[in-house]
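Enquirer: Before I ask anything, let me first share the structure, which is written out below as C-alpha cells.
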Ligand SMILES: Nc1ncnc2c1ncn2[C@@H]1O[C@H](COP(=O)(O)OP(=O)(O)O)[C@@H](O)[C@H]1O
Ligand SMILES: Cc1ncc(C[n+]2csc(CCOP(=O)(O)OP(=O)(O)O)c2C)c(N)n1
Ligand SMILES: [Mg+2]
C-alpha cells in the first residue's frame, strides 16, 4: 500500500490520467486500483485478519489471523469463483454494486459450506474498455460492503481490460479448526437433511427481472443494457416497481445473497453435522453432489421444502410451478447438509434462537447414490433428476 500511497500524490499518476474523445477520464491501471481500494479497510483492522502487507506489492503477506492463532491448530480453506457478464448477470438484472457484492458473497458461501470463517480475498477484474471509472468504483462499493459484513480483508487482485464483457474472479481464504472442515462426503444413512434458508427465491427474482427486461412488465433496469451508466433514479424506480409487485424479496435474494457463515460455524461446533454443500446450481444438483460423494440415497420431503410466501405468489402469478425454481433454480447460497437426526431438533432451536433459519427437508437412506422426492410419509416417491444450472448445456 505504501508505494501506492506515495505514487498517488505524484505527477507519475497525474500524467497517466487523460481524457479520451468521449470526455471520459481514463485512469491508468495503478491509479484505478488505488481509487477503487484506497482507504476502504483500515490497516489496523486488516492486521487483525493477519495481514502484514496488503494491496500494492507483488503479493500480499499474511499470517494466521488473531482469531485463529493461539487457539489450537487451524487449517486454511482456499476457493475461487468467477462471474461473467451475460452468464451470471447483465446490466438489466444487476447494478454494478450488486455484481461486486455477489462476486464476493458466492465465495464466502463456499467457505461457509466447509464450516469455516472467511478471512481474505483477491479480486481479479477484466474491465471493458468502454467502462467509465465510476462504474468500477460502484462495483467496489458493493464488494467492500460484503467484505465488511463478513469480515473479509481484501488483500490484492489483478486488473486487465476485456474486449467486451466484465469478468470478475474472486479468490478467498478461510480458516477452520484442524481436520474439522465439513465435507460433502460424510452423509450417512439415517441422517436428517436440512437447508439454512428458503429455496428458489433467487431464480424467481431472476425470472422477474428478465421478464421485466423483455418488456412484459417493464419493471427491470430496462434500457440499461449497453448503456454507459445508469442513473440512480432508474435503479430506484425499478426497486419501487418490484416492491409494488411483491417481488422485492425475490429481487433482493438474487442480487444480495446472504451466505450462511454463522449457520456453518454453529453446525460445525455441534459436532453432529456430517456433510455440507452450498446451493449455487440448485438444491437438486447439490443434493446429488452430497449423495454421490457420500455413496447414499437422499429423500427430500416435498411438503417440508421451505417456500416463501413471495415465491409462491409470484410463481402463481406467472404460472410457474415453484418447485421448479426451488429444486433447479440455483444461486440461493444457503447451505444444504446432513446431520445426526437425534440432534436435528436441538440444532434447529439453537440456530432459530439466533435468528438463523434451519429447515429439516428430508432424510438419508442406504442405496445407490440418488435423490428422491416424496410427497408425504407414504412410500410414493419420484426420482429427482441430476439437473441444475449447467454452463455447457
Ligand atoms: N478449472 C478448474 N481447475 C481446477 N479445479 C477446478 C476447476 N474448476 C473447478 N475446480 C474444482 O472442482 C471442484 C468443484 O467445483 P464447483 O462445482 O465449481 O464447486 P462449487 O459449486 O462449490 O463452486 C472444486 O474443488 C473446484 O475447486
Ligand atoms: C443473466 C443471467 N442469466 C442466468 C443466470 C443464472 N445462473 C447463472 S450461473 C448460475 C449458477 C451458479 O454459478 P456457477 O458459476 O455455476 O457457481 P458455482 O457452482 O461455481 O459456485 C445460475 C443459476 C443469471 N444469474 N443471470
Ligand atoms: Mg465454482
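In case you wondered, yes, glycine gets a Cβ from its N, Cα and C as well.
Unlike curated entries, TrEMBL annotations are predicted automatically.
Fair warning: this is a prediction, and the values are worked out from it, not measured in the lab.
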Enquirer: Record says 88, 389 bind substrate. Source is TrEMBL. Which of 29, 43, 148, 331 does it list for that same site?
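Expert: TrEMBL lists 88, 389 binding substrate, and from 29, 43, 148, 331 it also lists 331.
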Enquirer: Going by TrEMBL, 58, 278 bind Mg(2+) 3; tell me which of 110, 321, 340 is listed for that site too.
Expert: 110
Enquirer: DSSP helix, strand and coil counts for the domain 'PurM-like N-terminal' (56-176)?
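Expert: Here the numbers are 35 helix, 47 strand, 39 coil.
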Enquirer: Just name the most isolated of the binding-site residues 81, 110, 158, going by other Cβ atoms within 10 Å of its Cβ.
Expert: 158
Enquirer: Measuring Cα to Cα, tell me the gap between residue 110 (Mg(2+) 2 binding site) and residue 157 (ATP binding site) in whole angstrom.
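Expert: Rounded to a whole number, the Cα-Cα distance is 19 Å.
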Enquirer: Can you tell me the mean pLDDT for the domain 'PurM-like C-terminal' (189-368)?
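Expert: Mean model confidence (pLDDT) across the domain 'PurM-like C-terminal' (189-368) is 91.
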Enquirer: What Cα-Cα separation, expressed in whole Å, is found between residue 157 (ATP binding site) and residue 81 (Mg(2+) 2 binding site)?
Expert: 13
Enquirer: Per the record, ATP is bound by 140, 157, 158, 184, 280: how many Å separate the farthest pair of Cα atoms?
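Expert: So the maximum pairwise Cα distance among the ATP binders is 32 Å.
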